[in-house]
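Annotation source TrEMBL lists domain 'Acyl-CoA oxidase/dehydrogenase middle' at A:185-294. Residues or ranges marked as FAD binding site by TrEMBL: A:Thr189, A:Gly228. What TrEMBL records for A:332-482 is domain 'Acyl-CoA oxidase C-alpha1'. What TrEMBL lists as active site, proton acceptor is A:Glu468. Among the features that TrEMBL reports, domain 'Acyl-CoA oxidase C-terminal' is placed at A:527-658.
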Amino acid sequence: MDRAFQRTQILTNHLLQSSPSSPAQIPSLSSNACLNYSPPELSEGYAFDIKEMRQLLDGHHVADRDWLFGVMVQSKLFNPRVRGGKVFVSPDYNQSMEQQREMTWKRIVYLLERGVFKGWLTEKGEEAEMRRFAYFEVLGLFDHSIAIKLGVHYFLWGGAIQFFGTKHHHDKWLRDTENYLIKGCFAMTELGHGSNVRGIETVTTYDSNTGEFVINTSCESAQKYWIGGAANHATHTIVFSQLNINGTNQGVHAFIAQIRDAVGNVCPNIRIADCGHKIGLNGVDNGRIWFDNVRVPRENLLNSVADVSADGKYLSSIKDPDQRFAAFLAPLTAGRVNIAVSAVYQSKVGLAIAIRYALTRRAFSVKPNEPEVLLLDYPSHQRRLVPLLAKTYAMSFAANYLKMLYVKRTPQSNKTIHVFSSSFKAIFTWNNMQILQECREACGGQGLKTENRVGHLKGEHDVQSTFEGDNNILMQQVSKALFAEYVAAQKKNRAFQGLGLEHMNKPCPVIPSQLTSATLRCSQFQMDALCLRERDLLKRFVVDVSQHQAKGESKEHAFIMSYQLAEDLSRAFSDRAIFQKFVEAEATLAAGPLKDVLGMLRSLYALIYIEDVAFFRYGYLSVDNAAAVRREITKVCSELRPHALALVSSFGIPDAFLSPIAFNWIDANSWSSVQH
Amino acid sequence: MISCLLELFLAYEEDPNVKLVILKGKGRAFCAGGDVAAVVRDIRGDDWRAGANFFLKEFTLNYLMATYSKPQVSILNGIVMGGGAGASVHGRFRVATENSVFAMPETALGLFPDVGASYFLSRLPGFFGEYVGLTGSRLDGAEMLACGLATHFVPSTKLAMLEAALCIVDSSDPVIISSIIDQYCEQPSLKEQSVYNRLDVIDRSFSQKTVEEIISALEREVVHKMDVWISTTIQTLKKASPTSLKISLRSIREGRLQGVGQCLVREYRMVCHVMRGEVSKDFLEGCRAILLDKDKNPKWEPSKLEIVTDSRVDRYFSKMNTEEWEDLKLPTRSKHNLPVYAIAKL
């Protein structure tokens, strides 16, 4: 009865709107305070000079980069939109494939008019090459499609003319290429052959009567595939083909062929089809090309390494076909360097977005009636994102080293460049996909919106792990190179030299049985651990291969069978090499907060690799040691937490190139923004 | 006046009875800018720090206005130049009239567009900001509205009514205030000769990387056909202080990618170097020629763009290595409930 009476009272109060007789019995409704967006800048400080850190990370041409950012941000062609009071630039990925391709081309024309590509093929020297890298990195931050389209035209087509061609090719083609009077593409890959360039099936013969090469797609598997620029725009292409001279196959060579006339009609004896819609990069018109006995003049052979005389004799200064092929392909390393570096910058975008979001988004209270906890205040969230920051910083320093190695290249440094570019391209692009996935997850549902960028970047950059050399193949190359170094050192009884292998000349490092915090933070211990793994795996790999060979197998077959050790070894080499660059960068700094923070990141980088399963599998760490490493990682992550904003601000990526969830994501989604 | 305004703005922010702030001038100007002559006197008296102190207060006021938690409505019925722009453009609403004359004339004086101009000029459409900042060009009310320096245009005859309507507003909601101003608004048309109709040339030239290349691009435009406006623009640039032009260009370019606070911190460094005159004394010479002796014939030193090296320019952007000098410390804004448009500027 009491209950019924109580309910009648409540209802009466509602109807009469009178205040309750006993406030304690009837709690009043109160509205929850609305979530407010508080920018991280207001609560997080900068313990070090972020301009100085940015200079360290970008390494070069900071002002030029900012100029190019400005050129893009101020143009309507780059699709500026206002969200939450800020301007963002990013392509409209909701447009059709055709529209996206059209927009990519329009943007290129605009940038060309602004002089961005001036000197890209006609200016020589280290400074010009580094500036080109810088512009490329900036363009990639806007959109991968525009970077690829430009890369195909300038670095692949243009680079082929530069490095495979000789003076008359340079004189005829470079200026027109730089000014986009012709549009180039690069027809190497075929439906049946990608990584194995030497197996391509396009065949070219020579007609000494007319002084022409005849290029032919001999079967369907020989069609050129994935040729960027070919589906819609390209007028000319480099064609890679087997060269048959007088019945002898002289191997793969490169030729210039025109595929479209000046008004855009496909040339006779050329057939082009579209590769179709892709999971990303729909701003690039990838095409398929068939050559039906296409005739090109003799001078269209890119003849820096080999030539054919007018009467049809094959001539080459390099007698060994393997060496000839290697010399031929060596210049294509620029592409690998570009891709490796670009992957690092995409990771920076993902992390800047995810970490800024995690500094403003809250979820769950620890105690009732308390405010919810900021995502990045959870140790588990820190563990997910902060190590990725350490990896990105490490890759940044290694990327700068790789660029310098490339622009200062000499014939003697060719092999070193090949090994490092293969290793870093594979590691950076794999890391990037892992980082983007984690960042997407860390942004929850918001990570699924295309305009929030972080999720969309995955599809756009997925290709990086398989083009310009499949990552697995590249890593095999690394392990083979290390094998060769080891065998050579043993045979000639000389010290290890080059590729950072000098540590092999010293006594084997020893991991202390007790790992204190101080030891774990010490760069010498970290280097010792990574060197120990590399050294031991190299020995094991050599032993394993030798055992296979002892059974009568060929070296090639032995390599195939020892693939697991090869994989572990190439990763060990890469981790150690990248770590070395981190240590070297840290050493250039004077004592102070910048160096301290960088030191913490460096330790974190080392520790997450020491926590890697390889250290267990091969017995370098005891179970107790591994537990100590694990604990230390959590500790370093929490020490780096206060520096998270400063660390991502140091990437120097302008706000307009991030996305709405990195800023006022509440207002970006407000009803008033829907109405406008 | 800066000290007074700073005090008032700080007080109004805490006063719950104040919903919005209206700023207007008296006579033929909203505000013609800082008392440059006074600053010059300080420098001549070996006291560059007094001048720097003025800028410290002024930039603090600019920051406060840019991040203010209540809307500011500036009635720009007349001249609004230099410091006058700093006291109005950062506010939420800027009402231009047919009497408005806007300019950032600093490069002719050996200074550079300060007061957070590297923030707001860089955000004008295309490369209009570089044009306005480097040439010191004057804009009328219609042009101010077109490029976004003004948010509204109200004929001067309606200003009294507008003010009356705003005075009885009991809200800080910018949407409400905007709709009130809308009621008195008109859509002015640009003059046929308006510089805003020449955006294609402006974008082509003023997007160039260096001042030299900007001038070359403009010269290329008139190689085959005459164009009085382009030729005048070239002359104006050639008469400005070469050092000023270079530091102004770099300031605007950097400001484009920075928040308003970072812009002001950077501009404070720059203005201190200008005051101290250890890299160039163009500021003294510019004020002498234009404001004091009025011979309009300043002798710039360095006299040519080519002599102004990158390392000279760099010095303006670095910290002062004199004792007791500190970077500009801006007030923390975290205690206040900042509106969306203020948060977006950080």
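Cβ atoms are placed via backbone N, Cα and C, with glycine included.
Not measured: the values here are computed from a predicted model.
A:Glu468 (active site, proton acceptor) and A:Thr189 (FAD binding site) have their C-alpha atoms 10 Å apart, to the nearest angstrom.
All chains included, 18 other C-beta atoms sit within 10 angstroms of the C-beta of A:Thr189 (FAD binding site). For A:Gly228 (FAD binding site), the same-chain residues lying six or more positions away in sequence with a CB closer than 8 A to its CB are A:Ile148, A:Lys149, A:Gly151, A:Val152, A:Cys185, A:Phe186, A:Val284, A:Asp285, A:Asn286. DSSP assigns A:Gly228 (FAD binding site) to a strand. Note on the domain 'Acyl-CoA oxidase/dehydrogenase middle' (A:185-294): DSSP counts are 6 helix, 56 strand, 48 coil. With DSSP classes pooled into helix, strand and coil, the tally for the domain 'Acyl-CoA oxidase C-terminal' (A:527-658) is 109 helix, 0 strand, 23 coil. With a 10 A radius on its CB, A:Glu468 (active site, proton acceptor) counts 23 other CB atoms from all the protein chains.
Model confidence over the domain 'Acyl-CoA oxidase C-terminal' (A:527-658) is summarised by a mean pLDDT of 96.
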